[in-house]
Structures are given as C-alpha cells and as structure tokens.
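**Student:** Starting off with a structure, shown below.
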Amino acid sequence: MSHEKNEASGNPEAQSWKAQEAMLGVKTEVSRWRAVKNCLYRHLVKVLGEDWIFLLLLGALMALVSWAMDFIGSRGLRFYKYLFAMVEGNLGLQYLVWVCYPLILILFSSLFCQIVSPQAVGSGIPELKTIIRGAVLHEYLTLRTFVAKTVGLTVALSAGFPLGKEGPFVHIASICATLLNQLLCFISGRREEPYYLRADILTVGCALGISCCFGTPLAGVLFSIEVTCSHFGVRSYWRGFLGGAFSAFIFRVLSVWVKDTVTLTALFKTNFRGDIPFDLQELPAFAIIGIASGFFGALFVYLNRQIIVFMRKKNFVTKILKKQRLIYPAVVTFVLATLRFPPGVGQFFGAGLMPRETINSLFDNYTWTKTIDPRGLGNSAQWFIPHLNIFIVMALYFVMHFWMAALAVTMPVPCGAFVPVFNLGAVLGRFVGELMALLFPDGLVSNGNLYHILPGEYAVIGAAAMTGAVTHAVSTAVICFELTGQISHVLPMMVAVILANMVAQGLQPSLYDSIIQIKKLPYLPELSWSSANKYNIQVGDIMVRDVTSIASTSTYGDLLHVLRQTKLKFFPFVDTPETNTLLGSIERTEVEGLLQRRISAYRRQPATAAEAEEEGRNGERGASFTGDVPGEAETSFAYIDQEEAEGQQQREGLEAVKVQTEDPRPPSPVPAEEPTQTSGIYQKKHKGTGQVASRFEEMLTLEEIYQWEQREKNVVVNFETCRIDQSPFQLVEGTSLQKTHTLFSLLGLDRAYVTSMGKLVGVVALAEIQAAIEGSYQKGFRLPPPLASFRDAKNARNSGRTATSNSSGK
C-alpha cells in the first residue's frame, strides 16, 4: 500500500491528474455558487418587475416625502409664531418679523426654482393633464424638477401664506413614479415604456399624491381620475387603491410615531352627531351653499386668469418684472404680509391663524352667535373682535382671502390652490350655518323632535362645494368624508357639490383648464352635450387642405426646400405629387439626416476619403474643427431647427444605429444656392478626421463645390436608409367632430391625416379640433361652417331626388 502511494507520489501524471481533479472541484463549486447567484438575481428581477412591488415602494417613498414636508412646514410655522411672540410689545419689531420671515422664504423658493428647474413653478396638474393625454413636455418629469419642486414647496408652505400643497405634490408623486419606473427598468433589464404609454404610471402617481397629501386613499384615486384623465383605464383601479391605501397608512403612522397625533384618526377631527345628522328642512340651506359656491368658484377662476393675463401683457411694469424675476414675488409677499399683520388690519379677519388652524376652528361644534365668553374656544377665539359682529368678521375674511389667494397662487413658486379654496368654502358654509343658527335659535322641529343646528357641518359642506366648483370635480365630497371622518352627511354634501359644479361649469372652465388655456398647452377641451352643431361638423370642414408632403420621387433639393419653407416636425410621405397616395409619415430629423449624409464634405473627395479617415485615426482625436465660411452661418443647414437636431442626438443608441449609413463620417451642412455664398463645411459634432479633411477641401474652389452640390441636389432620394412610419393615423372627410375628439383623446394623438380612397387630401391637428370646439361654445351659438352648410344642402337635394326617382319608379 505504501509502495503504491510512493509510486503515485513519484508519478508526475498522477499528481497532474489530482491537481486537475482539485481544480475541477473548485470550478464545480464556483459554478454552483454562480448558478445560485444567477437564480437569485433572476428571482429578484422578476419580483422587482411586479406591479405590487412598484406600488409599495412608491407609496412608502411618497408617504415619507409628504410627512417630511408637513413636519418641516409645521416646525417652520411654529418658529414663525415663536419669533413673533418674542418681540411682543414692540410693534415695529413685530411688523419686521411678520413681513421679513415670509419674504425671505418666498424669495428663496422662487430663486431656487429659477436656478434648478423653472418647470417646478406652479401647480403642475395642468402640465400633467397634457402629458397624460400624450403631449411631450420636456424637463417636467426629471430629477431636477423633483428637487426644485420639493424644496421650493416645503419652503413656501413654511411662510404661512394662502398656498396649497395638493397640486404640486401630485406633480412630485408623478415625477417619483416616473423615476422609480426608470430605476426598476434599469435593474430588471426591462425596456422602458415609451413616453406616450406611461399614462397608467402617471395616473397612479397622481392618485398617490392626493392619498398621502391628505391621508385619503379613496378620494385620491377618484380625484386623480376626474382632474387629470379624460379617459381612465379600469386596469389601473386596483393599482391606485393599493398604492393610495399603503401611502396613506404610512403617512398616518409617521404622524403617530412623532406624536403629532395619538392614533390613526382623520386629519381634521370633528364630533358631529351621528344618529340624526341633519333634518330635511336644512336641505334648502345646503343647496344655497352649493349655488353660492358655484358662483364664487367661477369668480375665483376668472380673477386668477385676469391677474395672469395682466402680468403677461406688454407694458412698462411687466417689462421690469420680466427682467427682475424676484420683484413680483417680493411685492406680492410684502403687500399680503402687511395686510395680514395681526395688530394691524389683519386683526379684523383672523389673519393670525395659520391655514390648518383656520380649518380646525371653522369645523368646531360651537355656535359662535350663542357664545358669550370666547376665551374657552381656543383658536376660534381669534374670530371674536370686540365691538364687531361675527358675521362682519367672516365676511371680511372671505373677501380679503378671496383676492389674496387668487393673487398668491400666481407667484413663481411651487404652490396649489386647493387648501386656500377649501378655507374659503369653509368660511362660506360657516357663515350660512351661523345665519341659520341665528334665525332658528331653538333649532328645527320635525315630527315632534328638536334638531339643533351645528354650523360646523355647514362649514364642511361649504369646503367641499367650493373646491368642487373650482376644480370641476365631484370627488371633493369624498375628500371631505375622509378628511373629517364624517360620512353621515353624504346626501347634503353631494347636493351642494353637484349644484356648485353645475353653476361653475356653465360659467368658467376649471382652474386647471384655465391655466392650460393661458399657457396654450396642447390639450383638447371637453365636448359639451349641449352643442347641437357639433354633430354637423365633419373633419372635411376643419382640416388643413394645403399640406406640405414629401414624395418618394423627391430629390435632395426638394427636401432642402421643404425644410426651409416649413417648421413641421412630421411630413406625410406620398408616392408621387400627382397621385398623392399616402404611404406613411416621416419625421423632420430623419429628413435632416438624409441631407447631412448625402451632401457631405467627404463625398466630394471619394478617392481620398479612406486615406483621410486613416490619417485622422492616427492624429489627435480630441481636436475640434470649424471649417465654416465667414458670414454664412445664417444660411447653413446646421441651423435649420437646431434644437430638434440636437434632440435627435440624445435618442437611444438603437435608433441612432437604424439611421446610420455605410459612411459614418462627419456631415457637412447643405450649401446655399449661390456659388459666392457657400454654407459651412463642418459641424462640431464629430472629431478626429476634420483637420485632415480640411486639407482636401482647400483644393476645391467655390465654383467646384457649388457645381458638385447642385448635382447632388438633383439626385432622387433613397428613402430606404431612414425610418418611415408606415401606419400613420388616418381619417376620412366624413368623420364627425365628436368621433374625432374621442379618437384623439383615447389614443393621445396630436395629428391625423385625412384621406379619400388612399389619397391624401388634408391633415387635422389639435389646433383645428380645439378651434372648432371653442367656436361652438362661444356666445352660446355657432354658425355652421360654409362647407357644412353647402354639404347639408347638397345632401338634402340628393335625398329629394332619390325620393322622387323612387316614387316615379313605383
């Protein structure tokens, strides 16, 4: 046995075999661990690709952000009141603290947004409506906008001004949903959804934004559907409810954790009676609240729009404000803070109360008209002014905060209008409730039972009605149910909200639609049922008939002419100008790429192109080159729609490969028509071989370059090297406006080609549909277009002739 061992140990082949066996065992062990690792990774990727993981992560993240904003904002307001109380007794220092504190915060918020991301200013819901509809708005869903919106909104809310959190936070949640989706796609290796297919993700983000803003999961889903979507996919229902419920739960748990609340309760605690919440005799008062809220809501939207339109007009004041962006928020902040100074004019309309304190005081169960000693009412005591009636105080609060809120939300800071309007509605409802308590001091008697009137109930109903009138949403009633924890007032609240919507929708668009109209965002207005003329309008009446198209027989000179004559982003692609049969649609950047690749400086020297490329490879790769002829930058092709050309370079690598040709050398701009005015030779888009190529360019005269380019421009284009959309959306001339509106809304279209038996006869875009709808709304009556009248008359004559021939045939 020992002999065999010694023989084996002395045998190099045996030793080599044992070494290989050991290495094989190590490799086997490594391969096992690698297989386990790959299995775990695949499982992780599969889990991260699930919808519920995405929803839970998004809900937890948004709840944390919302809680952090509320926590910092509440501490900021406490510090504000602490500073004001420290200098009590010195009126001058009190005024200085009261004005300077919000002034510093508002200016910081405005400046921060201007530097980081100007798209963070305002509400964000109008822009989201257009994005969900299919429009592309750049930089609205980026990380920079998220940072600017979050920081700016937190600082602005700490100022104690009538500014809301709901609209901006919906925008923040949508940004988080987009960024989180991109991150999970990167981790799991999935292809990210196209820009126009992210409506479901953005809708869920909107629902989560409302849910963790107020802790209202049900209302969050419903409100997001009403406000942001014209058509909602039922498949997103469970996503919205799951994410909303989880985010609202985490948001409330965090509040309990920091001991802001004792347990999971409603955001605004109320103690209304639950056995008999209201009497039928109170329904007329609730209806009055709804009708009045409708009028005041429409007036608020009108006033807000007039302020914005005035600031956009060109005059001496607006010129100064546009040059110095911080002057406008500084002036508005100074004026509002001065008027709200508690020892001054502000003492007459409860300006010392912060927004949340105001809502809590308006929702209390006490009847102020019956209160003799207000010192035991807490914050509600600030509504009692010596020698001043409580109704006058509430009326002053409503009037002053009405125009203050309409003015404050126009400042260039992240802000919304939901909470200020909510306060206004609560004051209006409280006013009616106190008036009812004054008219019926002993309560209402019905069937031998006595029902006492609680003005706090009227305040809740007024808050829901006013916000519904401004936003044109009925789900504000559900928001109030979840905010107050009171569901016993379903009937009166729904009556008030529906009446408010009926009145407001007949007078003004919603606040978000008003901003869309002012900013001229690509969005379709709603098609009213009351417009009978819409059924007579067809696509042939509103389409653009003079269409610039590109034919399959076009030359490079024709392409250059089309680009110089129009600024369209897409062109219809037809077979020949004579037949005009629609074959597809081609993007502007694709046409630019065809010209850049064809009329190139390297194509002028085909014999020396390879040598130039080889010499350029060995030369300095980092050297830049500019071979532009002086004075010709204006007519250079490189400057035709330069922003779109730069945007095309930022596309995905796959798309860039599709349009690449066999000669991937630096392109040159297209020259001008005259030999004495040539265009630039090179662009600063490629490096390395430019300096070598310039040597060969110096050997050509301007006349030779001009003749060569003229020959190239007469060559028929080969469209096989570019991407063509072979299935653009098409309509026929007889398509009704109603059906066209539905198709554009459902599919997120921005244009459609109109054909007749395959022949291109026109194009209709959002602008034409919007003009047709708005024309049918203005002044309540719209004359049908001339073509429609001619068509209807012709159809009537044809039908008459058909009837005559049928009768004679019989």
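Using the three backbone atoms N, Cα and C, a Cβ is placed for every residue, glycine included.
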**Student:** Looking at chloride binding as recorded in Swiss-Prot, which candidate out of Ser110, Ser117, Ser123 goes with Phe418, Tyr512?
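**Tutor:** Swiss-Prot names Ser123 for this chloride site.
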**Student:** What residue among Asn365, Asn806 has an entry for N-linked glycosylation site in Swiss-Prot?
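**Tutor:** Record lookup in Swiss-Prot returns N-linked glycosylation site for Asn365.
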**Student:** I'm validating the feature mapping. Which of 32-44, 201-213 is tagged intramembrane segment in Swiss-Prot?
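**Tutor:** It is 201-213 that Swiss-Prot describes as intramembrane segment.
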**Student:** Among 122-126, 187-191, 602-606, 672-676, where does Swiss-Prot put the label motif 'Selectivity filter part_1'?
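**Tutor:** Comparing 122-126, 187-191, 602-606, 672-676 with Swiss-Prot, motif 'Selectivity filter part_1' matches 122-126.
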**Student:** Quick test of your reading of Swiss-Prot: among 164-168, 259-263, 664-668, 684-688, where does it put motif 'Selectivity filter part_2'?
**Tutor:** 164-168
**Student:** Can you find at least 3 Cβ pairs under 8 Å between the transmembrane segment (166-184) and the transmembrane segment (237-254), where each pair is 6 or more residues apart in sequence?
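**Tutor:** Answer no, regions not in contact.
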**Student:** Quick one: do the transmembrane segment (93-116) and the transmembrane segment (283-311) reach 3+ CB pairs under 8 Å, ignoring pairs fewer than 6 apart in sequence?
**Tutor:** no
**Student:** Give the nonlocal contacts of the transmembrane segment (389-408) in its own chain as ranges (CB under 8 Å, at least six residues past its ends).
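**Tutor:** The answer is 161-163, 296, 300, 303-304, 307, 332, 336, 339-340, 348-350, 368-369, 383, 415, 417, 420-421, 423-424, 427-428, 430-431, 434-435.
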**Student:** Is it the case that the transmembrane segment (283-311) and the transmembrane segment (490-506) touch, counting contact as three or more CB pairs under 8 Å in which the residues of each pair are 6 or more positions apart?
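**Tutor:** Contact between the transmembrane segment (490-506) and the transmembrane segment (283-311): present, because at least 3 Cβ pairs are under 8 Å.
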**Student:** Among 49-86, 141-160, 320-339, which stretch has the most Cβ pairs under 8 Å to the transmembrane segment (237-254)?
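**Tutor:** Answer, by Cβ pair count: 49-86.
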**Student:** Please count the residues of the motif 'Selectivity filter part_1' (122-126) that DSSP assigns to helix (H, G, I), strand (E, B) and coil.
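**Tutor:** Helix, strand and coil residues of the motif 'Selectivity filter part_1' (122-126) number 2 helix, 1 strand, 2 coil.
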**Student:** If you run through the domain 'CBS 2' (724-781) with DSSP, how many residues end up as helix, strand and coil?
**Tutor:** 26 helix, 17 strand, 15 coil
